[in-house]
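A.B. asks: Below is the structure I would like to discuss, written out as structure tokens.
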Amino acid sequence: MANNEDSNSNGLDSFDAVKQRFKDRSKKVVQTRELLSKQAVQTREILSKQAVKIAKQAEEHERFINKVTHLVGVLGFGGFCFLLGARPQDIPLVYCFFYVIFVPLRWIYYRFKKWHYYLLDFCYYANTIFLVDLLLYPKNEKLFMVCFSFAEGPLAWAIIVWRCSLVFSSPDKIVSVLIHLLPGLVFFTIRWWNPATFAAMHPVGTDRRVSWPYVEDKAYLFTWLFLVPLVVYTLWQVLYFLIVNVLRRQRLLRDPEVMTSYRELSKKAEKANNKLWQLSGLLGDQNRIWMYILFQAIFTVATMALTVPIFLSYRLHVIFQILKISAAVWNGGSFLLEVMPRQVIQKEKKKKAEMQPIEEQILHHEAVSHPTENEPKSTET
């Protein structure tokens with residue numbers, strides 16, 4: 001009997017020991033969990049504070065970069081204007097330098113942003129032809145006139161119609177303006193201000209232009225300033241359609257983030273529900289791209305036709321240069337005074353919405369970590 005009691009007491013002792021061991025382990029688990037929870041809270045708090053700090057530093061760096069870009073842009077444009085008056089014969093070289101440096105950089109940037117199909121647009125196609133003319137065939141009269149038609153036709157009027165903005169704090173906008181503006185200035189200087197061209201057009205002791213560029217024949221002018229450029233433009237349109245809408249169609253359908261000129265124009269027109277969107281839908285949504293091609297063809301034909309009187313009149317050509325530059329500056333002012341403030345307000349709202357949960361979390365953790373005097377503190381029992 002005594003043995004049974006001893007065995008029972010031993011069993012109870014061992015059971016109590018096991019139970020105590022489980023309690024100790026549970027207590028350790030709870031303590032470990034509390035410790036890890038505190039560490040997680042502290043880590044979260046540190047990361048939240050760092051996120052706020054990084055956001056403020058990024059904003060300061062962005063402002064500094066914008067100021068530097070604005071400074072460089074203003075000085076660069078001022079230097080170009082000085083060079084335009086002091087040494088107009090060097091403007092073609094400046095343009096070639098600009099194209100060789102900035103267009104490849106733009107391709108890299110646009111590739112990263114999935115905008116690289118923009119580089120298949122007509123303005124880049126035409127600028128490539130300009131580069132070939134200036135570097136390889138600078139005395140080819142016919143190619144010069146084709147380039148003149150492109151530069152002072154579709155490219156020049158795009159500044160006005162598509163509202164290209166001269167914003168010195170935006171490298172992308174500066175490059176966009178210069179791609180459309182510089183070619184016209186280049187061929188303006190060659191046409192009227194280049195001393196070598198002056199000598200060719202007005203030989204000493206004669207009133208006739210006996211050499212390049214020979215422009216007396218109106219049929220000759222019409223052919224090389226309108227008909228031939230129109231054929232070259234049509235070739236580009238066919239190639240563009242084959243590449244973007246046939247060969248790369250599936251790629252574009254798989255990735256809606258990849259942008260093309262048609263996608264951008266259609267999105268903006270649909271959002272604004274403007275005349276362009278309404279007219280492009282006359283033949284149905286499935287035929288909108290054909291309507292855009294038609295509109296672009298009409299725009300190109302009209303602007304190329306205007307290059308003939310511009311080519312013949314120095315005064316008209318000067319007025320047109322002033323009009324282009326004024327339009328780019330006006331659009332830039334509109335962007336700075338109207339569009340940019342709205343963008344800043346939207347950006348601030350978005351940033352506040354993103355940072356508000358983080359700030360609330362920080363305040364909550366501080367309140368939990370540092371209770372006020374009126375709040376009861378936990379006591380061990």
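Note: Cβ is positioned from N, Cα and C throughout, glycine not excepted.
According to Swiss-Prot, the topological domain 'Cytoplasmic' annotation covers 1-63, 111-116, 163-173, 245-291, 337-381. The transmembrane segment annotation in Swiss-Prot covers 64-84, 90-110, 117-137, 142-162, 174-194, 224-244, 292-312, 316-336. Among the features that Swiss-Prot reports, topological domain 'Lumenal' is placed at 85-89, 138-141, 195-223, with the record citing a curator's inference.
Relative to the rest of the structure, where do these features sit?
C.D. replies: Within the same chain, residues 90-91, 94, 166, 168-171, 174, 185, 189 sit at least 6 positions outside the transmembrane segment (64-84) and bring their C-beta atoms closer than 8 Å to a C-beta of that stretch.
Counting only same-chain residues 6+ beyond the ends of the transmembrane segment (90-110), those with a CB under 8 A from a CB of the stretch are 80, 83-84, 116, 118-119, 124, 127, 130-131, 134-135, 138, 172, 175, 178-179, 182-183, 185-186, 189-190.
Regional average pLDDT for the topological domain 'Cytoplasmic' (111-116) in the model is 88.
Sequence-distant contacts of the transmembrane segment (142-162) (same chain, six or more residues past either end, CB-CB distance under 8 Å): 122-123, 126, 129-130, 132-133, 177, 179-181, 183-184, 186-188, 190-191, 212-213, 221, 224-226, 228-229, 232-233, 299-300, 303-304, 306-307, 310-311, 317, 320, 323-324, 327-328, 331.
Remote same-chain residues near the transmembrane segment (174-194) are listed as 73, 84, 88-89, 91-92, 95, 98, 102-103, 106, 123-124, 126-127, 130, 134, 144, 147-148, 150-152, 155-156, 158-159, 164-168, 213, 311, 314, 317, 320-321, 324-325, 328 (criterion: CB distance under 8 Å, separation of at least six residues from the stretch ends).
Sequence-distant contacts of the transmembrane segment (292-312), counting only residues of its own chain at least 6 positions beyond either end whose CB sits under 8 Å from a CB of the stretch, comprise 122, 145, 148-149, 152-154, 156-157, 161, 191, 215, 221-222, 225-226, 229-230, 233, 237, 241, 262, 265-266, 276, 279-280, 320.
Sequence-distant contacts of the transmembrane segment (316-336) (same chain, at least 6 residues past either end, Cβ-Cβ under 8 Å): 152, 156, 159-160, 163-168, 173, 177, 181, 184-185, 188, 191-192, 309-310.
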A.B. asks: Could you tell me how many residues in the topological domain 'Cytoplasmic' (163-173) are helical, how many are strand and how many are coil under DSSP?
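C.D. replies: Helix/strand/coil tally for the topological domain 'Cytoplasmic' (163-173): 3 helix, 0 strand, 8 coil.
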